[in-house]
Structures are given as C-alpha cells and as structure tokens.
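Remarks on the structure that follows.
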Amino acid sequence: MNKLYIGNLSDHAGPADLESVFKDAKIPVAGPFLVKTGYAFVDCPDEGWALKAIEALSGKMELHGKPMEVEHSVPKRQRIRKLQIRNIPPHLQWEVLDSLLVQYGVVESCEQVNTDSETAVVNVTYSSKDQARQALDKLNGFQLENFTLKVAYIPDETAAQQNPSPQLRGRRGPGQRGSSRQASPGSVSKQKPCDLPLRLLVPTQFVGAIIGKEGATIRNITKQTQSKIDVHRKENTGAAEKSITILSTPEGTSAACKSILEIMHKEAQDIKFTEEIPLKILAHNNFVGRLIGKEGRNLKKIEQDTDTKITISPLQELTLYNPERTITVKGSVETCAKAEEEIMKKIRESYENDIASMNLQAHLIPGLNLNALGLFPPTSGMPPPTSGPPSTLTPPYPQFEQSETETVHLFIPALSVGAIIGKQGQHIKQLSRFAGASIKIAPAEAPDAKVRMVIITGPPEAQFKAQGRIYGKIKEENFVSPKEEVKLEAHIRVPSFAAGRVIGKGGKTVNELQSLSSAEVVVPRDQTPDENDQVVVKITGHFYACQVAQRKIQEILTQVKQHQQQKALQSGPPQSRRK
C-alpha cells in the first residue's frame, strides 16, 4: 500500500509543484509523479512513508488555492471490504470503537497500524462489500471525542482473488469447482499451515546487519528458508527495539529465526556489544495461558528440555491496540532456537484448537460471528466458520432472531466490581452500549461478601458479548491467577414445570449437558418457586462452557413452550364442538 492517489488538484498543478510539496514535507518518493487532469499518482518507498504522507498532507496542504486530498491508491476491483480509519482519539476505549464499527456490519478484523502521529490508525475488514461501503459513507468525517475520523479504502487483494472475473471463473479445473464451498470443517488448518507468523523483537542497532547491504542478507535468508520476512524498521521511530515478522512453514520459520539470531550474535562480537542478546518472541495474549500451562508446567518443561531461561511480560503491559506479550528466552543460539521451536509448536496447537473451537461454537451457538467479537487475534488470519448444509452441520437450536430477552445473574469477585464499573461508571456504560444489554450490579448481600451479582438483561447475542467482556476484564485485571482460567457462576431462572426437562430422567439430560459444555450445571433440589413460579439453574465454568450451557437450556425451554402451545391448539377444537 505504498502507492498514493492525490486528488482535488488544480488544472495548473504539475509534477514540479508536487515534488516541491513533498520535499517541503520531507516525504521521499520512489518514482516520478504521474499527473492527470485534477489528480495524480506517486509511489512512496514503503507503506510507512505513504501513511505519513496521507497524515501530513491530506486536507492540510493547499496547492494553487485548493486543499489536496491524499489517500491510498486502490483499484476499483480491490475496493471491497477493507478500510483504513485514521485520526482516532489516542485514548479511546476499545468498547467505544468496537461498538461504533459493528453498527455497519460484521467486523472480521481490526488491526492497529503503527504511526508517528498522536492519533491512532486501524485497518478494518468487514464481511461484505456493502457493509464496508456503508461504514465508509457514515464514518468518514464522523466526529468522535472532538476528533474527525478519516476513512478510505485500502487494497483488498484477498477478496479480489476470491471473486475472480467472469473470464477467470470459467478456466478453473474440474477439481477446483466449488472447492471453497465444500471444504470440511477439519480442513481449515490443513489448507493454511502457515497462517500464524513468528513475530520477533530485535534491538534496533542490529536491524542494519539483519537487512544487510542493499537488503542482501535478508534476501539470502528469505531464499534459503523459503520465508517471507518483514522488518518493521520504519515503525516506532526512536524505539530501542524493532519487530520482525516471519511467515513460512514451521521448519522455514525456525530456520529463519536461527539465522537472525546468528547474525545478531556475530554483529555483537564485531561491535564489542557486551550485553546478553536474548530471543524475544511476540505472542498474542490469547495463547499465552496455554503456553504457560497449569502451574507453569508447560513452560518449565520447555526450559528443562532446551536448557534456557524463559520469562513472559506481565498482563499490565497490554494496551488497547497491542494485545501481544513478550516471551524472552535466554541461552545460546542453539538452545534459543530449540526453545523457539517448542514455544511456537505450543502456540500453533492453541491456534488450531481455537479455529476448531470457533467452528464448533459457531454451530453450538448459531447466529454469532465470533470473529466480530474480538475473541481471536486479528493478525492470526483466522478463517470464518466453515459453512455447509444445515442438516449436517447446524444443530436444530433456536435462531437468535426468534429469541426473547433473557436475564442472567453472573456472580463476580467482589474485589472486581470497581474495575467492571470503571471511573464514574464509564466502563459499565460503554460495555452496556457495546453489548446492547442492560447491566446492573446488585448491592452486596453482606459487608464481607466475597462475590457480587451482575444482572444482565438482553437477547442471547447481547448476553454473549456482555458476559464475554466481563470474563475478559476479570482476567485482565488479575483477579484470578495468570495460570488459571476465569470460572464464574451464572444463574438463570426457568419455569418450575420445566425444571424436570432440564434435569431429565435420572439426571440424563443434565449429565449430557455437562458433558457437552464442560460446565457444571446444578438444579438445586427442594427449591421453593418464586412469585413468578420460577426456580434457579446454576451454571459454573469458563466463558464458552457457560455460554453453551445457557443456550442449550434456553433450547429446552423453547421446546417446552412449543409443546405447550401445540397442546393448547389441539385442545381448541373439542371445546368449540361442546358449544
């Protein structure tokens, strides 16, 4: 994305004028200006300079009395689903941005772009062309906390490949016909084994040695290891460390990583750099808990097997746009390389499990797009849930469009209440808007109560979003051990006459439900129904477990209601005959 479109130009504007403007702004170009009537094109050295030109010149610089418009040059065939949103308030809460974006469609990914500006920039991918167009129309020029958002298309090469022209469609071989529609759920990770890149942090002073003269060294590594390697040297100007992204097979990735380590150690000897040079791997926070393992067992085993010392940056260092943790490995080049293989093996396993889980949950909890809820890392290339014939893949659970508002009582640690509410109630208000649910925290039952009840009222999708964010907040704020999963207790009320259906004959239904969801489900015996003739069902478990259990119980209740309605209809005709 280093090609720029320069619009709103005067008819008198020429290449020399544009060269002068870019020179004054200290923005280099990689070729001549191609000037047409009223607009022009130019190439920048890289994406970073292109973005800097957009931020410095678009709407801010006049040429012959007309303000220039500068944006990425995107061919019409690639103006599909991807947008770049600039000038985002720097301290904006994720919930606010998320709730704004989802108003216009399903957001498949939202990634921050590193810039030198104070405001934030994100690249957003919507699930359809129409949704992206609507978001562009509505958000470009939108005022958000006294900042004016600027939105433009960026190239969507993936969509262009997935939607070939009619001429190309007819040339596919017989084996390719319909392959994208007929892919089995288990084939996703096998088709794309390289979707998860290795991300490294290296000291800035070694970047030159890694790249080599005119890029010779990095080209050589790329060729030998069959890898794609991006050194993000233009990002975070002045930072002590730069990130490197390596995309290849697991073997190619590890080989490239080892080569980079060897180059850094050799360069350190040449410049008499005395400090230890550890291997630093960036990993999305979603994977870190499973890498550590229960009581740190997985990490300890990797340390013992590879003779290295491994530490992981604390949760407190995570920010809105940086969900990555830094895994620091200390040892020799050989031992660090072995540790990288083991660490990435574990992370890839977690990634593949998340894909499988996402496909499973998408069918267990129909109507939800899990990509849109920010549950998986946007940089991981997470594919959408596989589709197929409803009769073979989708269980006959009630669709959300037909569901009524539900009330769930979620019990959270009393100490976490302040974090859930936020300063002056800001967090809980934003969460309520984002989820589309009513969220209230009930008074403590006693002064020394260890848990507090959160009352969440809304349709199933709102419940999913609200409960998911509450689970996440409790984890982020360290109200449970970093090595543990968050497990909360949720209460839902069911009509007393339906409690037996939830339990099943001899407890069969509730046992199957616990096996399916991995949640603990209890219908306390000898309950006295409340004034609405309802009793409580208690569900305890991690987030997904609780969600699956809640949905299954709601399905049972729907079946009970439908059965009652059918009985009422069947009893109607005899009554009319007696009249």
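All positions are counted from 1 along the displayed chain.
Backbone N, Cα and C define each Cβ position, glycine as well.
As written in Swiss-Prot, here are the features:
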| type | residues | note |
| --- | --- | --- |
| CROSSLNK | LYS450 | SUMO2 cross-link |
| CROSSLNK | LYS475 | SUMO2 cross-link |
| DOMAIN | 2-75 | domain 'RRM 1' |
| DOMAIN | 81-156 | domain 'RRM 2' |
| DOMAIN | 195-260 | domain 'KH 1' |
| DOMAIN | 276-343 | domain 'KH 2' |
| DOMAIN | 405-470 | domain 'KH 3' |
| DOMAIN | 487-553 | domain 'KH 4' |
| MOD_RES | SER165 | phosphoserine |
| MOD_RES | SER184 | phosphoserine |
| MOD_RES | THR528 | phosphothreonine |
For the domain 'RRM 2' (81-156): best-contacting stretch of 2-75, 195-260, 276-343, 405-470, by Cβ pairs under 8 Å: 2-75
Neighbouring C-beta atoms (10 Å sphere around the C-beta of LYS475 (SUMO2 cross-link)): 18
Helix, strand or coil at THR528 (phosphothreonine) [DSSP, three-state]: coil
Stretch-averaged pLDDT - the domain 'KH 1' (195-260): 87
Three-state composition of the domain 'KH 1' (195-260), taking helix and strand from DSSP: 32 helix, 17 strand, 17 coil
Selection from 2-75, 195-260, 487-553, the stretch that has most Cβ pairs under 8 A to the domain 'KH 3' (405-470): 487-553
Number of helical, extended and coil residues in the domain 'KH 4' (487-553), per DSSP: 32 helix, 19 strand, 16 coil
